[in-house]
Amino acid sequence: MEARVLWLVVVVLVLGSSNRAAAYKGLSTNLCEVPAKDRVDCGYPEISPEQCTNRGCCFDSSIHGVPWCFKPLQDTECRF
């Protein structure tokens, strides 16, 4: 019985974390086209790409010496 409960807890945790990860999955690529000199840090050392995007931020580790997890450009499109 305890193994079934443990298995259920694991399944619930996995499903819950995958739902949060999907929250920002569709972040527009053009919002992440921030020049390296203008990047505003949005993470912490050793943050993973998934952790970064879960915070609503952009991740790009291709340029050394600048934040890899950074705030996206402001979306100025009005949504009603």
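We count from 1, first residue shown onward.
Even glycines carry a Cβ here, placed using N, Cα and C.
Curation plays no part in TrEMBL annotations; they are all automatic predictions.
The signal peptide feature in TrEMBL is assigned to 1-23. For 30-73, the entry in TrEMBL reads domain 'P-type'. The disulfide bond feature in TrEMBL is assigned to CYS32-CYS58, CYS42-CYS57, CYS52-CYS69.
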Mean pLDDT, the domain 'P-type' (30-73)? 94
Helix, strand, coil: count each for the residues of the domain 'P-type' (30-73), based on DSSP. 12 helix, 5 strand, 27 coil
Highest Cβ count within 10 Å among the disulfide-bonded residues CYS52, CYS57, CYS58, CYS69: which residue is it? CYS58
